[in-house]
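Working notes for the structure below.
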Amino acid sequence: MFISFEGADGVGKTTQLTLLADALTAAGVEVVVTREPGGTELGSDVRRLLLHGGHVDPRAEALLYAADRAHHVATLVRPALECGAVVLTDRYLDSSVAYQGAARSLGPHELRDLSLWATSGLLPDLTILLDADPDLASRRTQDRGEVDRVEREGAKFRAALREQFLTLAASEPERFTIVNAARSVDEVAEDVTSAVWGLLASSGRASGDGAA
């Protein structure tokens, strides 16, 4: 089973993914945790270049993310799924569609098609969209003390980004679960866990058995 966490920076994706991974592991479910970019050695190089380097042309940026995603899926995600693990990823193709496709005006449909081609059509079974007001999310990133190139984008970019994520969720309600991330960590985790356990139960995986 393949589960992605999406949303703007500062909504708590990494925190919630970690809490979910711990809960699943405690229940006897085999879990593989990864992220984009950075889930592989190539991805780490791409992450450093894109998030901490200088200006990158938007089209080149989109192609670098797609290259990382192709390698990530081929070398980590698909092998883990074939072994029966639950794969949790911090960002996947919806981030490309939202960040590069809409907020950078490259065209969301083109970016989605590029990512689907790069991954041979692999979509998550469940995408958890953590949603919060852009100003709140921005304050949280500032409180962390480390702001990368993407996180330095202005209010207009952040508003467009949130709108695009919500548009994506509305277009695929069977895949997305929207969670209000403006609440406490525990309240958000309760909703995340409920969504995931519901999916696992429907697939016979709630007690850690069965194939992905």
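Cβ coordinates come from backbone N, Cα and C, glycine included.
Source: prediction; values computed, not measured.
The predicted model assigns the domain 'Thymidylate kinase-like' (5-191) a mean pLDDT of 90. Residues or ranges marked as domain 'Thymidylate kinase-like' by TrEMBL: 5-191.
The secondary structure of G12 (ATP binding site), as reduced to three states from DSSP, is coil rather than helix or strand. TrEMBL lists G7, A8, D9, G10, V11, G12, K13, T14 with the feature ATP binding site.
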Self-check item: Local backbone state of G7 (ATP binding site), from DSSP in three classes
Solution: coil
Exercise. Go through A8, V11, our binding-site residues, and report the one whose Cβ sees the most other Cβ atoms within 10 Å.
Key: A8
Quiz item: Near the Cβ of G10 (ATP binding site), how many other Cβ atoms are there if near means within 10 Å?
Solution: 23
